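Lifted from TrEMBL, the feature list:
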ACT_SITE  S181  active site
DOMAIN    110-323  domain 'Alpha/beta hydrolase fold-3'
Amino acid sequence: MIKNNYNVELERLNQIQSVDIPHLKRVQMIVKDRVDAHSYDPIIFDHLKQLPDDPDLPDDLTQLRDGNNHNIVQNPYPNITVENNFTYELGRKVRYLKIFRDNVSSNKALVYMHGGAFYGGTPEDTLPFLSFLATKFAGVIYSVDYGIAPEKPYPNGIMDSLSVVAEVHKSFEKISLAGDSAGGAIALGVSQLCHNLGLCEIEKHVLFYPTVVHGSNHQGCFWNDHEIPIKEDQKRILHNNYTQFKQLDSIMTKYYVNGQNIDLEAPIISPLYAQPLIFKKVLMLTGEFDPFRLQDEAFVQKIGLAGCDAKYIRYGGLGHAFLNYIGKVPAVEDALNMTAQYLNEDK
């Protein structure tokens with residue numbers, strides 16, 4: 001019965017088409033709301049309802065990294081191969097996972113940067129959802145084990161990822177970049193360097209709920225949870241999650257720069273300030289209740305107004321890091337299906 005309900009919801013989501021949203025101009029937008037609109041998915045709700053009022057996020061790196069640990073499942077797809085490799089391009093040594101379907105024949109590659117607030121995460125965390133994506137994507141996926149802060153502060157993660165792109169560029173003509181959360185920001189930094197250094201032009205960008213700005217005003221428009229429609233009895237939970245993420249935003253920036261005198265409005269570290277014409281094709285996927293939603297919408301709006309190909313899919317009822325719910329929440333599978341469709345298109 002549970003699986004039947006899952007499949008019914010997956011099919012419903014698949015049928016939803018693009019809509020016009022007045023405040024997002026020149027952006028192809030798809031809003032995939034829940035039937036019970038403006039309410040949390042029950043699985044997400046059960047997780048977030050544990051947050052206390054006025055949560056206090058501990059600034060302890062060990063505890064923070066423990067919160068990034070996920071239970072890694074064995075690859076359930078027998079036709080998907082995962083290889084552990086290294087590149088030495090650009091004078092660096094960087095590990096990456098190569099994930100691909102048997103007998104795949106394509107000139108397309110996707111280089112993926114994991115999330116983890118710049119101080120955590122591994123490419124193994126991405127295997128559950130990237131292995132699924134590999135069953136749909138007509139190309140090869142590379143998941144980067146970039147150096148994390150504070151041991152490897154900015155710009156190490158970006159340079160490590162650029163090294164993998166340089167490796168991939170030796171074999172593939174069409175390279176797309178993707179990432180979730182902090183990994184999305186790293187992907188956008190890499191794209192700028194690829195363009196500015198003349199390494200290659202990135203084909204497409206797939207961004208799952210990225211953070212795109214450091215040092216923003218937490219009392220400003222990007223962090224106003226009162227702008228987010230939600231059922232009255234769930235407002236407190238949304239507000240608590242936003243409160244927690246304001247603290248996380250400051251903590252992750254502190255570890256990422258690690259005492260360096262960095263201009264936080266520099267476009268490589270805060271891609272919201274980047275020249276938008278560099279990002280010719282962008283697919284943004286965000287949850288309705290993600291605390292990064294408002295900055296994500298500002299970013300994709302900027303891309304659209306610049307005349308680039310901007311597509312935005314917002315999933316009702318979801319919060320941050322929804323890719324971790326693969327196989328549990330139908331919207332996650334739909335997001336990966338939409339991603340594969342977008343990457344496979346020759347346009």
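A Cβ is built for glycine as well, from the same backbone N, Cα and C atoms used for every other residue.
Cβ neighbour count for the residue listed as 'active site' (all protein chains, 10 Å cutoff from its Cβ): 25. Across the domain 'Alpha/beta hydrolase fold-3' (110-323), mean pLDDT in this model comes to 98.
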